[in-house]
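> This is the structure I have questions about; it appears just below.
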Amino acid sequence: MMKFRFRRQGADPQREKLKQELFAFHKTVEHGFPNQPSALAFDPELRIMAIGTRSGAVKIYGAPGVEFTGLHRDAATVTQMHFLPGQGRLLTLLDDSSLHLWEIIQRNGCAHLEEGLSFHPPSRPSFDNASFPAGLTRVTVVLLAAGDTVVLGTESGSIFFLDVATLALLEGQTLSPDEVLRSVPDDYRCGKALGPVESLQGHLQDPSKILIGYSRGLLVIWSQATQSVEHVFLGNQQLESLCWGRGGSNIISSHSDGSYAIWSTDTGSPPTLQPTVVTTPYGPFPCKAINKILWRSCESGDHFIIFSGGMPRASYGDRHCVCVLRAETLVTLDFTSRVIDFFTVHSTQPEDECDNPQALAVLLEEELVVLDLQTPGWPAVPAPYLAPLHSSAITCSAHVANVPSKLWARIVSAGEQQSPQPASSALSWPITGGRNLAQEPSQRGLLLTGHEDGTVRFWDASGVALRPLYKLSTAGLFQTDCEHADSLAQAVEDDWPPFRKVGCFDPYSDDPRLGIQKVALCKYTAQMVVAGTAGQVLVLELSEVPAEHAVSVANVDLLQDREGFTWKGHERLNPHTGLLPWPAGFQPRMLIQCLPPAAVTAVTLHAEWSLVAFGTSHGFGLFDYQRKSPVLARCTLHPNDSLAMEGPLSRVKSLKKSLRQSFRRIRKSRVSGKKRTPAASSKLQEANAQLAEQTCPHDLEMTPVQRRIEPRSADDSLSGVVRCLYFADTFLRDATHHGPTMWAGTNSGSVFAYALEVPAATAGGEKRPEQAVEAVLGKEVQLMHRAPVVAIAVLDGRGRPLPEPYEASRDLAQAPDMQGGHAVLIASEEQFKVFTLPKVSAKTKFKLTAHEGCRVRKVALATFASVMSEDYAETCLACLTNLGDVHVFAVPGLRPQVHYSCIRKEDISGIASCVFTRHGQGFYLISPSEFERFSLSARNITEPLCSLDISWPQNATQPRLQESPKLSQANGTRDIILAPESCEGSPSSAHSKRADTMEPPEAALSPVSIDSAASGDTMLDTTGDVTVEYVKDFLG
């Protein structure tokens, strides 16, 4: 009989169809700067740029929103990239000497990047494949000549030619070193080889001429038309780079000793022995090699010479520089990361006599910098994308959806005022190829990232291009040691070389205590809370004009009811006193300092009540920032916690107290052993007795030995860590009167619910009266399995989460149902459970797994709108586990809806950094500099929809290899397979359709701390959980 009672019901076809209309998993776009870039290319005709990485990724960028991404099948480093100008095709060279031809193909109204042909030379041609010539070894350099020929320079000094249409070797056109040596005088040979081919350059006016540079220093002009050597330049210095002059009458070469030379090609056919100009810009002392050099002509006659490297080896050998020389002006662009490559945006039309460069683009290991070469001072051009997310290491992130247009405009205005003076370049972004087919988003989304240097950056996450808007810095409020070091460094800086700091990547943090741990933003009042590593909690407010004011400071001792503790960790940050100047933007109004100054692990803001709650590893506090007074401080450390004794939080207890607690444990174990099946009431009484005993003051009186607290991270298993905080207007005292409440969840499975007495605001007033806020402990819930509480949310009478502050009062969301019974959803690392309020009795639950290994890491309530009906939407619970799986559950029934594999379980940092949005999307870090964006919603999808204005070939590069799948992760993750991409119908369908404004609101759920991933199989189980929650009611 029981098997029929518990038999699972069959799938409802109607519900399954509805699921397909609500849920769909896509990895859509990668935001940020490519991780570990290794190659760069630019198409001057289409105005698109390509970046290759060490993991084999290929990323092509055009105008904002125009992006194409591909991944080589072999995880090898991309060493060189070359566009076929105007054709939408890209040739890549990997470090295994293989060539790959990529094409941008039009399909279903959208453009896609696909890999076409490939060429793999054998590692040992004489043994592996007799059809390949013996000299075809490692490829060192590639050139596209005359548009239809690929020229390969090799390590052996041989040069080979391939047909670009088939990537097949052209017979009888190989140029061997012996043939070149015949044109070289005998005294130059000296029995030595020419060395590898270092550079191949095509002539702009005559594509049949190829400039060849060998490592030993020999330069050769080879005529492909006549198959002969036209000119020889006998260089003696080891060659690094070559560049033609505009008209082809001059050649510039750079060398390993930090010098460059200019050679004239008008000296006739005999070998040229000496260059016309030889100079070492930073000599006479030994210098590093000039890795790459460019010569760009101007109509004014003052030509540009741009090169990387060449710095004095002893003094500045560790600098990463690109030097720009024009006439008598020399500027040394000083970067904080290694220079990968650079190019200029200039005229390439054959009829133009001069280059007239407009911009210089420098690809660095950690960022992309574009300089305006037409404006005096050569200022930087603001980048609409590819901004380095990791300019300082990311420590936390948050997403804010549906940002009001007024707040958006104020944030953008504050960001524009942060531009350096004089104003930035008037030149617009020069990489403008392609067309973005996606419509303008109907709502604005902000991505907030907290960083190690104490900054919070605001990003426009509304579309494909993640655009920087504004940067908030908190370091100016505090006294740090770096202030004196910076002034000293500026004082001793020499005038030569003329260094100029460029770029925003700064890997060094001034003070690790400045690191941002949590952020919270109220989008209706423009108030913000920022919490840091040293226990600092800042309350800020957006101002449109600069101001000068003092910041109020208040200390909140979270251990005020525990005597004899000594903090052995870092000191708190000392704030500056007196009037301080603040730029336009978010300006601090209140500084709350937690004591001990441990890292803040949870924070929440309720602007309507002017309250902020914060938690650390020692407890949590509630602060009224309107009256600038603390309301509550609660310590969550348990004296009997063995983990707290053994972990970094070490406390020495007296022998008398230890013996007393040991006898109590023995007595409790005897009682529990005799009574195997106690009644529920006796269990509750015993639990209450234990709770009363833990909080009994007489246990804390006799402490003859001082207890010492050491710093510890927020991701350990100590029970006192506060994991989440939550405000709600709900029923806690009784079922007829609702009011403000605050909820706190800890690492030990404890949930504290406080009833708040908040003075009500007058009719039409924004601020509440200046009366004190009171907090009374109402409920205390101890989960039996003691798993860490990840998130808490209150559901109204219709089972929907409560709206955010000001949402209902301003008619921006449907008012909550305050007539029916409320419920509270408590999400722990092991299970989800819904309790009725105010009795706090279990209503429904879902146990994520019955086995060890699967734990909840991130939780959020999101609204999923139907693709078929604009009026239908469901609020569901999205959950990410430590195995990288995403589960979606119905609310409040907690029935599983869909399950997707999202992140590799080995990617611990990616799982820890995941952030869900309120419309069913998410972000997580796939590298220190890149966010992967994914969507769980079938309606709300943000992905590249773009095209290129080129003539699409009917049968391009046939035969074609297997079509490349849509890239899931360009950092080399290959074990996650996505559904095929589709662009059928209007490209705006995924962006323009949104649910109505009156939609179920999202409850603010706190993020969880980082934890280590464990292996294990996921098992979804809704039965077999017989745990009992202990509830203590303090309100009666």
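Each Cβ is built from the backbone N, Cα and C atoms, and glycine gets one as well.
Just so it is clear, the model here is predicted, and its values are computed rather than measured.
Just lifted these from Swiss-Prot, have a look:
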REPEAT    38-71  repeat 'WD 1'
REPEAT    78-119  repeat 'WD 2'
REPEAT    139-175  repeat 'WD 3'
REPEAT    199-233  repeat 'WD 4'
REPEAT    239-271  repeat 'WD 5'
REPEAT    289-331  repeat 'WD 6'
REPEAT    339-373  repeat 'WD 7'
REPEAT    395-473  repeat 'WD 8'
REPEAT    517-592  repeat 'WD 9'
REPEAT    601-662  repeat 'WD 10'
MOD_RES   SER662  phosphoserine
COMPBIAS  667-677  compositional bias 'Basic residues'
REGION    667-688  region 'Disordered'
COMPBIAS  679-688  compositional bias 'Polar residues'
REPEAT    791-843  repeat 'WD 12'
REPEAT    915-938  repeat 'WD 14'
MOD_RES   THR957  phosphothreonine
MOD_RES   SER964  phosphoserine
REGION    980-1002  region 'Disordered'
MOD_RES   SER982  phosphoserine
MOD_RES   SER989  phosphoserine
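Mind running through what each feature is packed against?
Long-range Cβ contacts of the repeat 'WD 1' (38-71) within its own chain (Cβ-Cβ under 8 Å, at least 6 residues beyond either end) map to 29-30, 77-83, 85-86, 88, 90, 92-94, 102, 104, 111-115, 340-343, 345-346, 348, 361, 363, 384-386, 429-436, 438, 463-465, 467, 944-946, 948-950, 964, 967, 970-972, 974.
If you take every residue in the repeat 'WD 3' (139-175) and average the pLDDT, you get 91.
If you look at the repeat 'WD 4' (199-233), the same-chain residues 6 or more away from its ends with a CB under 8 A from one of its CBs are 141-147, 149, 151, 153, 157, 159, 161, 173, 175, 179-180, 183-184, 188, 192-193, 239, 241-244, 246-248, 251, 253, 255, 263, 265, 269, 271-272, 275, 348, 350.
Mapped onto DSSP classes, the repeat 'WD 5' (239-271) shows 0 helix, 17 strand, 16 coil.
For the repeat 'WD 6' (289-331), DSSP puts the residue distribution at 4 helix, 24 strand, 15 coil.
Listed as Cβ neighbours of the repeat 'WD 7' (339-373) (distance under 8 Å, sequence separation of 6 or more from its ends, same chain) are residues 33, 36-40, 42, 44-45, 49, 51, 85, 204-205, 246-247, 291-292, 294, 296-299, 304, 306, 308-309, 320-322, 324, 333, 379-381, 383, 386-388, 390-391, 425-427, 429-431, 502-505, 507, 929.
Residue counts of the repeat 'WD 8' (395-473) by helix, strand and coil are 13 helix, 27 strand, 39 coil (DSSP-based).
Residue counts for the repeat 'WD 9' (517-592) under DSSP, helix first, then strand, then coil, are 0 helix, 44 strand, 32 coil.
Helix, strand and coil counts from DSSP across the repeat 'WD 14' (915-938) read 0 helix, 17 strand, 7 coil.
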> The repeat 'WD 14' (915-938): which same-chain residues, six or more beyond its ends, come within Cβ distance under 8 Å?
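Distal contacts: 20-36, 366, 388-390, 393-394, 397-399, 401-402, 445, 447, 461, 466, 858, 860-867, 878, 880, 886, 888, 898, 900, 902-903, 907, 909, 969-971, 973, 994, 1002, 1007.
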> For the repeat 'WD 12' (791-843), DSSP counts of helix, strand and coil?
0 helix, 21 strand, 32 coil
